[in-house]
Amino acid sequence: MDGWRRMPRWGLLLLLWGSCTFGLPTDTTTFKRIFLKRMPSIRESLKERGVDMARLGPEWSQPMKRLALGNTTSSVILTNYMDTQYYGEIGIGTPPQTFKVVFDTGSSNVWVPSSKCSRLYTACVYHKLFDASDSSSYKHNGTELTLRYSTGTVSGFLSQDIITVGGITVTQMFGEVTEMPALPFMLAEFDGVVGMGFIEQAIGRVTPIFDNILSQGVLKEDVFSFYYNRDSENAQSLGGQIVLGGSDPQHYEGNFHYINLIKTGVWQIPMKGVSVGSSTLLCEDGCLALVDTGASYISGSTSSIEKLMEALGAKKRLFDYVVKCNEGPTLPDISFHLGGKEYTLTSADYVFQESYSSKKLCTLAIHAMDIPPPTGPTWALGATFIRKFYTEFDRRNNRIGFALAH
């Protein structure tokens, strides 16, 4: 494929070394690493099984929706993880019960399936379940928790226990999910979610896990960073890593360029334009961009993406945009204007051939997604962008930094 990415079919287990320090200071209280693995997304799994996505209804093309806790509605937005490709591992309880989770900057709550989930929910049958009776450190809370997705509702109740993440143990309130829709979660490689957002995004105002880690004073800096391997197409390859308390210079070059957040409470920054080739095509008057580790693709409003796809000559196929594979290498660069710099993706970064599809058509890792106010309308920069640019989330200074990944 002349260097451009082929999407993997395999599911992988995580290797997590909380105290691994290759290339980092030997003080284990300074940095903590979480190693990630790459997996097929739920959407890929559905397509591989021959599921007609059009029959699932239009809600499957809307990856975002408002959330609610009990009778209160939050303006927070959370992905439905249809296209999520990276997961890591945490332990909950004493002794730790291990779960594969998505680390998501677009949300702030932690949740995993509960042993109290009825076997009538097929998704629970296919996932690891937290059993409070097996944990000596468990504390009951019981507050009802409901996460409303565009593809269904995940609900349960809050509990408290010790969570181990990256070698750090922290007492954390989390959701035990007792109701999960079969689709999409039955096909998910991950069990649950660890939100890396702010308390303003947290359903029920539950203190996010990173805030609780910071309160222990075990990290050198109030930051965490994400690296997604651009060459993780085989089972032996590291999918990526998260560094708590800093960044890993082994995986980026040069210095970070920082952009201040629009406001405290959401990982969202201003954007000054989107260029195709040498011409600014979109966002000429300025717009917003979420930096979302829970999403695989880059997304923008339907009107923006339709204009972008017209410029690229791409055609819509159900919920994707495709081009002829032999045309992929000739597609122009796409640049995102952030903080006075242009962050450029070549066609090798945003065009891929799906392993289950015809070799004649290739998919663009760019989707339309209409996010309502107050967070939207906004672009979202997911793994397609983060694979190219190592990303640091700076809580102390309310900013996001980018450096060229390698």
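Keep in mind that glycine also has a Cβ here, set from the backbone N, Cα and C atoms.
The active site feature in Swiss-Prot is assigned to ASP104 (among others). Packing around ASP104 (active site) is summarised by its Cβ count: 21 other Cβ atoms lie within 10 angstroms of its Cβ, all protein chains included.
DSSP assigns ASP292 (active site) to coil in the three-state reduction, placing it in neither a helix nor a strand. Note on ASP292 (active site): other Cβ atoms within 10 Å of its Cβ, all shown chains, come to 31. Annotation comment: Swiss-Prot describes ASP292 (among others) as active site, evidence class sequence analysis.
DSSP gives CYS124 (disulfide bond) a helix state. The Cβ neighbour count for CYS124 (disulfide bond), using a 10 Å radius and every protein chain shown, is 24. The disulfide bond feature in Swiss-Prot is assigned to CYS117-CYS124 (among others).
Over all protein chains present, the Cβ of CYS283 (disulfide bond) has 20 other Cβ atoms lying within 10 Å. A coil conformation is recorded for CYS283 (disulfide bond) in the three-state DSSP classification, outside any helix or strand. Residues or ranges marked as disulfide bond in Swiss-Prot (evidence: similarity to another entry): CYS283-CYS287 (among others).
The disulfide bond annotation in Swiss-Prot covers CYS325-CYS362 (among others) and is backed by similarity to another entry. In the three-state DSSP assignment, the secondary structure recorded for CYS325 (disulfide bond) is helix.
What Swiss-Prot records for 86-403 is domain 'Peptidase A1', and it gives sequence analysis as the kind of evidence. Over the domain 'Peptidase A1' (86-403), the average per-residue pLDDT in this prediction is 91.
For ASN71 (among others), the entry in Swiss-Prot reads N-linked glycosylation site.
Packing around ASN141 (N-linked glycosylation site) is summarised by its Cβ count: 15 other Cβ atoms lie within 10 angstroms of its Cβ, all protein chains included. In the three-state DSSP reading, ASN141 (N-linked glycosylation site) counts as strand. Positions annotated as N-linked glycosylation site by Swiss-Prot, on the basis of sequence analysis: ASN141 (among others).
If you look up Swiss-Prot, you'll see 1-23 marked as signal peptide.
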| How far is it from CYS325 (disulfide bond) to ASP292 (active site), counting Cα to Cα, in Å? | 28
| query | Counting Cβ atoms within 10 Å across all protein chains shown, which of the disulfide-bonded residues CYS117, CYS287, CYS325, CYS362 comes out on top? | reply | CYS362
| field | DSSP-derived class (H/G/I helix, E/B strand, else coil) of CYS117 (disulfide bond) | value | coil
| query | Going by C-alpha positions, which of the recorded positions (CYS117, ASN141, CYS283, CYS362) is nearest ASP292 (active site)? | reply | CYS283
| said: What does the structure give for the C-alpha distance between CYS124 (disulfide bond) and ASP104 (active site)? Integer Å is fine. | reply: 21
| request: Using DSSP reduced to three states, classify ASP104 (active site) as helix, strand or coil. | output: strand
| query | Relative to the Cα of CYS117 (disulfide bond), which of the recorded positions ASP104, ASN141, CYS283, CYS362 has the closest Cα? | reply | ASN141
